[in-house]
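Trainee: Have a look at the structure that comes next, please.
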Amino acid sequence: MTESLAAVVLGIVEGATEFLPVSSTGHLILVGHLIGFTGEKADSFDVIIQLGAILAVVCLYWRRFWWLVSPKPHHAFSGIRGLWMLFLTSLPAGLIGLVARKSIKAYLFNPWSVALALSVGAVMIFLVEQRKTRDRYYSLDEMTPGLALGIGCFQCLSLWPGFSRSAATIMGGMLLGAKRSLAAEYSFIGAVPLMFAATLYDFYKSAHLFSADDLGVLGIGFVVSFVSALIAVKAFIVLVQRITLRPFAWYRLALAAAVFFFWPK
């Protein structure tokens, strides 16, 4: 498979799965191994094309992001207060990721670790959906700093490739009293600062792996990731208001089982 075609495939996978509770990184690792696109350069490529998915969320929620940087507060979740909550959500995983980045790439970027994370995350989704916690937060404007920090702590689980940042933050929000649709919406918006910082940091650290000839491939992955993320996020916004997360948990278990039983030893 040519690098350009690999970029298209991986861009679709990244955009379609980044904001679903199924783990985009886990899917990229599995698909990368299947198409022979592996190694340190491939791992960094997977992280860098996240920028396309990030931009998709910014476009979909552009008004919310504008309110965050606008000097005049428009809602409770805007201006300095909104930025402060996003900072609190990004802080725990950001600090741990900064310290453990090399170890995570060295020991957890493999199909077996991904399959285990998919399984653990699926079990947790089932448990969270059985929760008896009463919803206390229904909109972004009802978010509190404590809720934002709590979701950020759950986000640390996403440092395990295959667990899913989206799953971790949505489950965390639900356990802390957020309505499922609010937890999903905040998961999208709250992802942007951490993902943007992680992508830029990874590119800075791995820039020596890429040459000018790779810019075209990176561009393809970026554009395809952007388009597929736009479609996926819009669809998920509708779905999460109508169904639970259980179908995604069953999918995770099925994919994990396929890896455990059929992946070459």
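Using N, Cα and C of the backbone, Cβ positions are placed for all residues, glycine too.
Sequence annotations record features per position, and here Swiss-Prot assigns transmembrane segment to 19-39, 42-62, 80-100, 108-128, 143-163, 181-201, 220-240, 243-263 based on sequence analysis.
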Trainee: Output the single range from 19-39, 42-62, 181-201 maximising the number of Cβ pairs under 8 Å to the transmembrane segment (220-240).
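Mentor: So the stretch in question is 42-62.
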Trainee: Short question: which residues 6 or more past the ends of the transmembrane segment (108-128) have a Cβ under 8 Å from it?
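Mentor: Those are 21-23, 25-26, 29-30, 33, 43, 157, 160-164, 167-168, 171, 174-175, 245-246, 248-250, 252-253, 255-256, 259-260, 263, in sequence order.
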Trainee: Could you give the residue numbers and ranges of same-chain residues that sit at least 6 residues beyond the transmembrane segment (181-201) on either side and whose C-beta is under 8 angstroms from one of its C-beta atoms?
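Mentor: For the transmembrane segment (181-201), the nonlocal Cβ contacts are 18-19, 47-48, 50-51, 53-54, 57-58, 60-61, 64-65, 86-87, 89-90, 93-94, 97-98, 101, 137-140, 142-143, 148, 151-152, 155, 165-166, 169-174, 233, 236-237, 240-241.
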Trainee: For the transmembrane segment (19-39), find every same-chain residue at least 6 residues outside the stretch whose CB is under 8 Å from a CB in it, and list them.
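Mentor: 1, 3, 6, 9-10, 13, 45-46, 50, 53, 57, 109-111, 114, 117-118, 121, 125, 161-167, 170-171, 187-188, 191, 229, 232-233, 236, 245, 248, 251-252, 255, 259.
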Trainee: Which sequence positions outside the transmembrane segment (243-263), separated from its termini by at least 6 residues, show Cβ-Cβ distances below 8 Å to it?
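Mentor: Beyond its ends, the transmembrane segment (243-263) has Cβ neighbours at 20-23, 30, 111-112, 114-116, 118-119, 121-123, 125-126, 128-129, 167, 170-171, 180.
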Trainee: Taking residues 6+ outside the transmembrane segment (42-62), which of them lie with a CB under 8 Å of any CB in it?
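Mentor: Distant Cβ neighbours of the transmembrane segment (42-62) are 7, 10-11, 14-15, 18-19, 24-25, 28-29, 32, 105, 109, 188-189, 191-192, 195-196, 198-199, 202-203, 205-206, 209-210, 217-218, 221-227, 229-230, 233-234.
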Trainee: Who are the long-range neighbours of the transmembrane segment (143-163) in its own chain, taking Cβ under 8 Å and residues 6 or more past its ends?
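Mentor: Non-local partners: 23, 25-26, 29, 76-77, 84-86, 88-93, 96-97, 100, 104, 108-109, 113-118, 120-121, 137, 169, 171-173, 175-178, 183, 186-187, 190, 194.
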